[in-house]
Amino acid sequence: MPRRLQLRSAGTKGPPGTTAAASEAASRPHALASGDSPASAKPLLRWDEVPDDFVECFILSGYRRLPCTAQECLASVLKPTNETLNFWTHFIPLLLFLSKFCRLFFLSGRDVPFHHPWLLPLWCYASGVLLTFAMSCTAHVFSCLSLRLRAAFFYLDYASISYYGFGSTVAYYYYLLPGLSLLDARVMTPYVQQRLGWHVDCTGLIAAYRALVLPVAFVLAVACTVACCKSRTDWCSYPFALRTFVFIMPLSMACPIMLESWLFDLRGENPTLFVHFYRRYFWLVVAAFFNVSKIPERIQPGLFDIIGHSHQLFHIFTFLSIYDQVYYVEEGLRQFLKEPPDAPTFLGTVGYMLLLVVCLGLVIKKFLSNAEFCSKK
């Protein structure tokens with residue numbers, strides 16, 4: 001997904017190595033963005049030749065001409081720009097996951113048809129995964145069309161991540177959480193009495209959790225999108241850290257699985273879930289490290305402009321994390337289909353997702369209606 005840019009005029013926030021010539025060039029970007037002919041512009045530009053809003057931290061070269069046409073944007077995915085591998089590191093996973101979900105829905109050999117209510121949570125989850133990668137690819141390819149469209153693509157990118165996070169929670173809720181001892185009152189009530197000496201009936205607490213988990217995840221998804229959109233304004237000094245933290249918040253919906261592994265023998269009872277769950281979170285920690293630290297380009301600005309900068313590594317490790325997640329969600333689906341409880345309802349799955357789309361759309365509309373967005377990053 002595209003990254004927030006930092007002001008070049010704010011001390012060390014911009015790319016290093018600027019000279020007096022750079023200040024003269026500061027007036028050029030806006031002329032390029034507003035109307036210079038394509039023939040007079042370089043195919044690829046340096047950081048001091050594009051508007052502030054397009055400059056990436058510690059990336060000095062490889063910028064596309066502004067504004068580009070849609071055809072030029074599409075052609076750029078085959079040229080060595082600083083966005084090329086950002087596109088391919090999510091486009092290839094998009095194709096892989098599209099193939100994976102097609103096999104799950106249509107070629108799995110199960111007796112359950114693709115439109116069966118039991119598969120509604122999987123449809124929610126699959127739509128979130130595919131939308132996230134598709135929106136990331138779109139944003140990286142078309143972000144140089146115009147300032148307004150760039151902002152729109154950023155906001156849609158944030159919204160798609162929130163949509164994916166909520167879709168993951170829906171899949172967890174139906175396929176993974178019912179199999180946890182932690183959420184079984186028949187197990188937890190005697191466990192609490194034995195370990196803590198508390199004579200507490202856990203039935204009410206577990207019922208309350210089950211009733212609140214989806215509404216809370218819904219609110220978090222909307223709140224995370226609002227926070228990320230606001231991080232593109234000047235009040236935010238550390239937007240990458242803020243967005244990384246904000247998108248970690250919905251992952252708290254998976255806390256019952258982590259607690260299950262601490263309190264019970266999850267490794268022995270469900271080794272697939274145990275291994276892939278913790279490996280997923282290892283990949284997420286690595287991805288967060290690169291997204292926040294801006295290593296390696298922070299160490300050697302200019303060397304990793306085209307290949308090897310932190311955002312490409314961030315994409316790769318987020319792909320690995322989702323790959324592990326798909327694996328254990330699929331295993332949860334298999335266990336679910338062996339002894340399915342009541343079938344998920346349309347309103348409790350797709351209905352939630354459609355309502356979330358409406359809410360996220362309203363958030364994006366509000367931020368795009370802000371007349372000051374063009375001057376923010």
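Here the Cβ of each residue, glycine as well, is placed from N, Cα and C on the backbone.
The region 'Disordered' annotation in TrEMBL covers 1-39. Positions annotated as compositional bias 'Low complexity' by TrEMBL: 20-33. The transmembrane segment annotation in TrEMBL covers 87-106, 118-142, 154-175, 207-228, 240-259, 343-364. Annotation comment: TrEMBL describes His140, His311, His315 as Zn(2+) binding site.
By number of Cβ pairs under 8 Å, the transmembrane segment (207-228) is matched best by 154-175 from the list 118-142, 154-175, 240-259, 343-364. Each of 118-142, 154-175, 240-259 was scored by its Cβ pairs under 8 Å to the transmembrane segment (87-106), and the highest score goes to 118-142. Fewest other C-beta atoms within 10 angstroms, among the binding-site residues His140, His311, are seen around His311. Below 8 angstroms of C-beta separation, residues 1-2, 4, 121-122, 124-129, 131-132, 134-136, 138-139, 143, 210, 213-214, 217-218, 220-222, 224-225, 228-229, 232, 243, 247, 250-251, 253-254, 257, 325, 329, 332-333, 335-336, 344, 349, 352-353, 356-357, 360-361, 363-364, 367-368 of the same chain, each at least six residues beyond the ends of the transmembrane segment (154-175), sit close to that stretch.
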